[in-house]
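What TrEMBL says about this protein:
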type     : residues : note
TRANSMEM : 47-68    : transmembrane segment
TRANSMEM : 107-127  : transmembrane segment
TRANSMEM : 139-156  : transmembrane segment
TRANSMEM : 165-183  : transmembrane segment
TRANSMEM : 203-223  : transmembrane segment
TRANSMEM : 287-310  : transmembrane segment
TRANSMEM : 322-344  : transmembrane segment
TRANSMEM : 351-371  : transmembrane segment
TRANSMEM : 377-396  : transmembrane segment
Amino acid sequence: MRTTLPTTGTLNRGAAFVLFIAALAAFVIQSSFTQYVQSDLGFRQPFFLLYFVHTSFILLFPLHMLYLKIFTKTPLHTYISSLHEAIRARLTYPGDLDTDPFPTRRLLFLIAAFTAGINIPGLLWYIAVSLASISDVTALWNTNSFWVYVLCVWIYRMKLEPRKLGAVLFASAGVLLVVYGGTRTTAPDPDDAKGLESIIQGPPWPIVGDLLTFIASISYALLQVMYKHYIALADDPEAAAVPTGPTEDFPYRSLAGDEESTPSIRAGLLDHGVKADPPPFGLYPNLFTSCLGLSTALTFVWAFPVLHWTSIETFRLPPDAHTFWCIVGIAAGGLVFNASFLILLGVWGPILTSIGSLLTIVLVLITDILFSHSGVTLWGILGAGMIVSAFGVLAFDMMPTK
């Protein structure tokens, strides 16, 4: 007899929505804390912040396993077995599932590749938020939704659907309205010296920051598409709605691109004599996220002495407890955002997930209104409405049809 894992199919939609809300809030928290630490507290150590945040990903899988240990009666080795079989099914060529051993080298290669893929855009983002305004950085970063759609159409030869393209462009136009007409700055109090100083100084290198964010956005878009293609279990509406085997309409093929791949293999399950339930919701991507954290810790630590000796970034620790705990806040936001985002890539697919992430701009707009010398404008309300509407159109369009 086998131990049956808790079913996950009925959890996906509700849990994914909760993760989506958590990801939006976490991104805003991470962005605000990062700008505060680098601009207001003067701790401009982008590589240190990146390393601290991304190595914190190591905690994700152990915390998830601890949760399962406390709240379920299933032995932990059963979850490990389910992960083992899911990884074999996802990374092994379909025709070799019965003969090939565990794909260790292929897994390590993908972890190394995606470690670079997630750290390079992240480093550019950390640099950019210290050079440009948080609104500009958020807007340019979230143009990755447009590039995700372009890359999906180009790489997977998807049909160019007018409704999806229109929704992406509509959301992008909403971004422009929010960023460039969303708020109006009120005159600061002449007695508020700090407020006047912040207005006069402004971002130090806005053009450079915007350019770095733009490059990071395209790189991150490519990472999302490649993660879905090579790593994530294909249980999102986009993949589930397509027929077995690669076709003109099937954007997400198996690793090998084998025409004999089956829906069970695309879903990360074995259908050839091995009795294994799918891993609990989120456990598979959380394992991969923790692997990225461990890989970052081992491979990027060498950069500290190089950056220090070349004076590119002189190594220094947070000067006080306040700065340290703010950095912990950045790490907490980054951990929640990246964990939620990778799970959503598997459940929703990259197009819907990336468009959904545009809602962070709406939250940043609200944050600017509440905590800075800004007031809402008609353009800001219109742009926010366009972003929300575009997400709703895509969410409805990608729902599986009965």
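Cβ coordinates come from backbone N, Cα and C, glycine included.
Automatic prediction, not curation, is the source of TrEMBL annotations.
Taking pairs at least six residues apart, the transmembrane segment (322-344) and the transmembrane segment (203-223) share fewer than three Cβ pairs below 8 Å and do not count as touching. For the transmembrane segment (287-310), the list of distant contacts is 47-48, 51, 54-62, 83, 111-112, 114-115, 118-119, 231, 338-339, 342: same-chain residues at least six beyond its ends, Cβ to Cβ under 8 Å. Between the transmembrane segment (351-371) and the transmembrane segment (139-156) there are at least 3 Cβ pairs closer than 8 Å, counting only pairs 6 or more residues apart in sequence, which means the two stretches are in contact. Long-range Cβ contacts of the transmembrane segment (139-156) within its own chain (Cβ-Cβ under 8 Å, at least 6 residues beyond either end) map to 125, 164-165, 168-169, 171-172, 175-176, 178-179, 210, 213-214, 216-218, 220-222, 224-225, 229, 250-253, 350-351, 354-355, 357-358, 360-361.
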